[in-house]
Amino acid sequence: MNTLKIFFKRSILLISVCVLFACKDKQPNLTSAEVKLNLIPQPNFVKTYSEKFVINENTVVYYPESNQDLKKQADIVEDIIFEHTGLRLSLQGYSKVPERGIILIQPKINESFPTNESYQLEIRSQNILLSAATVKGLFYGIQTFRQLLPLENNNDTVEVTCLDIKDTPRLPYRGMMLDPARHFLPVKDIKKYINAIAIYKFNTLHLHLSDDQGWRIEIKKYPKLMELATVRKETDGDGMPHRGYYTQDELKDIVAYAKERFIEVIPELDVPGHSQAMLVAYPELTCFPDNFEVRTTPGVSKNLLCAGNEKVFEFYGNVYKELAPIFTAEKFHIGGDEAPLDHWEACPKCQKRIKDNNLESPQHLMSYFFERISDTLAKQGKTPQIWYELDVPFYPKASTMYTWRGGLTPKTIEKSREMGYELICSPAEHAYFDYPQGKGEETCDWMNYLPLEQVYKLDPGYGLPEKEQAHIIGVEATIWGEYVKDIDRAFYMTFPRAMALVEAGWTEMENREWNSFKSRLRSNLQILERKGINFREPKELAQDEFYLQ
C-alpha cells in the first residue's frame, strides 16, 4: 500500500469526472497493494490497489451539453487517451447524466477541496471518479491521469491501476521564467513551452521582456522602441544582427493560449537598471544621455533610468497603460536587480530629488523610485513583483519579492517576513537553469553548475517553522537568455530540472524523496520525447538503480 500524508481543509464547489465502465456488477472489495506509479509532481496522498480499470474502444466520453468548460476538459481526456494508447473514444453531450462511460459532471457542493487547484482521483475496476473544486483543479487531475496511461499500447484494451489520490499543492505559485530579451523566441515557441510546463502543473510563465540587450514589446505611443531598441548589431562578436519583438496582438494571443492551460503570464520590464536598449530609443530618460547602442555582450550596463526625471515616470505610466489590458495577471514584474548607483550619485537631478524628499542616501532614492513606479502600476490595477536586493531599505508594501542571489535566501526570507512582503523562492543555487547541468558542460567562467539533485534539494521553507515561512508563496526557475539562443536550448536547460523544481512547489516535504523521484523520472522523459520536446538525458544517473527501475 502506498499512503502519503496530506491535511485537507474543508471548502467549496465540486467538479466531478466519473468514469463508469460498462458492467452491471457491484463494486468488488479492493486489495491494497504496492504499485509503482511514475507521477511528477508526487501527489500528497496516494493509495494503490491490485485491481485494474480497463479502457476499450466502447468507452464513451460524456460531457454536459450546456457546460463548454467541461466540454473542453472532455476533449483533453479523449486526446490524452488517444495520444498514449491509440484508442479513439467517442465524445457525446448529455442532458441527463448517463450511467456508463466517461462522464463529466457539473459542479455540486463538496467539502474536500482546500484550494482552487485541489483534486481527487478515485479509480476502481469498474469506474473512475475525478473531482475538483474548479475546472483548474480538474485540469491538474487530468494531467495526473495522463501519467497513469501507458506510452505505447497496441492492444484493444488498456489497464490502469486502481487507486485513491487526494492532492493539493504545497504552494500556490509555481513558475518558469524565459528571457526573450537576450534571445528573442517566436510566439510558436512560447506556446510549445507553455504546453510542456502545463503537463507538470506549473501555473505561471514569467517573461523577461526588456534588458540591456533588447526590448521586446510593441508600445504604440513610443514607436522608436520598435525601431531602435529591438535590434542589436551582433551578439558576443558573432557579427550577426539579432532582432524581434511581440506585437500587442501576439501578446494577447500568448496570454489567451496560456489561460486555456491555467497558466498566468507575468511580464517583466526591468527598471531602473538593465535598461540600455530602451535608452537607445529615448536617451533623455537616463542621467547622462549619450549615443547609446543596444548592448551586444552579457553583463550589466551602468546606465540607469534617472530617478530625478519626472519624464521617466510619465513614460512608464504610458507603457503600463497600454500593457495592463493585455496581461490579465494582477502582478507585473518591474525587475529591480543589479542597478549600480554610480550615476545617481553623480547626477544633479537625482541629488536634487534626494534633497527635496529628505532622503538619506542613493539607496533610499531606490526605495523612492520603486514607490513611484508602484504608484503608476496601481493606477492600472497592478501590483509589483521585484528581485530582492538586501541593500534597498524598503519596497512598496504590496510587493511580491523574489529571493535570487546565491547564498542569501535565509536572510531574504527573514527580512521579507519582517517587512511584510510575499516571497517567491528562486535562489541561484537551486533555480538558475541557465547554469550548466554537469561539470564541464555548456559553462561560462562566472557560472556554477547546477545538477538535477541540487535542484531537488530545494525546500522553499528552508526548514523553518510554519509560522516563519507562511509568507513564502512559491518557487520559480529562471532561464536567463545570454547563452540560450533558441527554444530547443531552453527546453534542454529546463528538463528534467523543472520536474524537480515543481515537486518542491507542489509536494509536501514529508512526501518527497530523491530516490523515489529518480525512479519516476524516465517515463516522464519519454512523455517529452513523444511530444518532440528537447531535454537533457541525466547521464550521471545512467547506472543508478532507482533511475533504471
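Quick reminder: no glycine exception, Cβ is built from N, Cα and C everywhere.
As recorded in TrEMBL:
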{"type": "DOMAIN", "residues": "37-167", "note": "domain 'Beta-hexosaminidase bacterial type N-terminal'"}
{"type": "DOMAIN", "residues": "172-508", "note": "domain 'Glycoside hydrolase family 20 catalytic'"}
{"type": "ACT_SITE", "residues": "E338", "note": "active site, proton donor"}
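Per-residue confidence over the domain 'Beta-hexosaminidase bacterial type N-terminal' (37-167) averages out at a pLDDT of 87. Within the same chain, residues at least six positions away from the residue listed as 'active site, proton donor' with a Cβ under 8 Å of its Cβ are G273, H274, V300. Mapped onto DSSP helix, strand and coil, the domain 'Beta-hexosaminidase bacterial type N-terminal' (37-167) counts 32 helix, 52 strand, 47 coil.
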